[in-house]
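**Q** Got a structure for you, questions after.
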Amino acid sequence: MSADGEFTRTQIFGTVFEITNRYTELNPVGMGAFGLVCSAVDRLTGQNVAVKKVMKPFSTSVLAKRTYRELKLLKHLKHENLITLDDIFISPLEDIYFVNELQGTDLHRLLNSRPLEKQFIQYFTYQIMRGLKYIHSAGVIHRDLKPSNILINENCDLKICDFGLARLQDPQMTGYVSTRYYRAPEIMLTWQKYDTEVDLWSVGCILAEMIEGKPLFPGKDHVHQFSIITELLGSPPADVIDTICSENTLRFVQSLPHRDPIPFSERFASCTHVEPEAIDLLAKLLVFDPKKRISAVEGLTHPYMEAYHDPTDEPVCESKFDWSFNDADLPVDTWRVMMYSEILDFHQTVGVANETEGSEQPDSQVEQNNLDSANGA
C-alpha cells in the first residue's frame, strides 16, 4: 500500500482501491456488476464499515446518472431497515466510494449456510415489509429486491441495500431490471405500467425461499421463468393478459397450455416448520394481478406479522423523493458537477451534526476544492 497525499492506494482483486487515510484494514467482502465492496475500520469512529467502490462512474452518462440517483436516494431515505450513508468521497482517479455501517452477512449467504428457524423467517419478513412501507411512501420502488440485497447483522437487524436500480412510482415505467428469480410477472409480460407491487412479488419469492431453503422460481431464462410461475399460479387471468402490449409476448402467453393453480396449502404442505399464516401471506404476495397483491402497509397488519406489528413504530418518509432529475439527458461533465455538489452538501450537513456532537468531519474542504475544479474555478 502506498500513500498519496490524503489517500492511500492498494490492489484488491486486481482493482485499485484508493481511499482516504481515515479507513484502514481493507478486506474484500463482495464484488458486483458496478463495484467492489471491502470491509474497513473507520479510524475516526473505531467502527467497522463497508466501503463500496463504484468503478468509473463518469465513463458514460448512464453510469454517472445511475450513481447520482443512488447517492440522492441514500441521502433522502433514512430508516432503520435501510442502509444508511456514513461517508462518500471521490478519489483522485475519479472513482466514487460509498461508506456504510458493516453488516455481518446477507440473506443469500445465510440461506446457503443453513435452514432458517421459523422465528427468524417471521422477523426478517417483518423488517423487509417495514422498510418497504417507508420506501414506497417516499414514491420510490426498489425494483431489485433479492436475498443478496438484504443485509443482516449479528443481532438479526435487517437492512435493505442497493438502490442503484430504484425508480419513481410511474405508471409508464419500462425496463428489464430485477434479478430473474425475483422478477414480477408484469415486468416479464409488459415491461411497462408497473408500480410498487413488483417489490411485494419479490418479497413473496424471498419468503418462499426462506421457508424452503431454495429459490421458488429458478427460471433458466424469462420464458422458463414465466412457465414455472404458471405451474403454481395457473394461467394468467384474462384481465392480466389484456394488459400485454407486446404482440410477441401475447402470442407466447396464448401458446402456453392452460394450467389450473395449485393451492398454496397443498404446494407447501410439507413446510410444517412455519405457521399456516406464513403460507397465507405468501399466497397474498404471489398474485398475478398486481392490483390484487397485498401492499407493504397491508402486509404489516397480516396475522403472520402480529408478533412484531406496531403501528406507532412503522414510520413513513416525511417527504416524497424529488425525481425531477430522472428524465434529464445530460452530458457526463454536468453529472460530475452535480455529483460533487451533492457530496459537498453531504459533508457540510454531516459536519454541522458532528460539530454539535463534538466530533469533526475532515473531508468537506477537500470536496469543496474538487467542486471548484469540476466547475473550472
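The backbone N, Cα and C atoms fix where each Cβ goes, glycine too.
Given the structure is predicted, the values throughout are model-derived calculations rather than measurements.
What Swiss-Prot lists as domain 'Protein kinase' is 23-305, and the listing cites sequence analysis. Residues or ranges marked as active site, proton acceptor by Swiss-Prot: Asp144. Annotation comment: Swiss-Prot describes Thr174 as phosphothreonine. Summarising the annotation, Swiss-Prot assigns region 'Disordered' to 354-377. Look at Swiss-Prot and you will find 359-377 tagged as compositional bias 'Polar residues'.
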**Q** Count the other Cβ atoms sitting within 10 Å of the Cβ of Asp144 (active site, proton acceptor), across every protein chain shown.
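**A** A count of 20.
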**Q** Return one of helix, strand or coil for Asp144 (active site, proton acceptor), based on DSSP.
**A** coil
**Q** Could you give the mean pLDDT over the domain 'Protein kinase' (23-305), rounded to a whole number?
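**A** In the predicted model, the domain 'Protein kinase' (23-305) has a mean pLDDT of 89.
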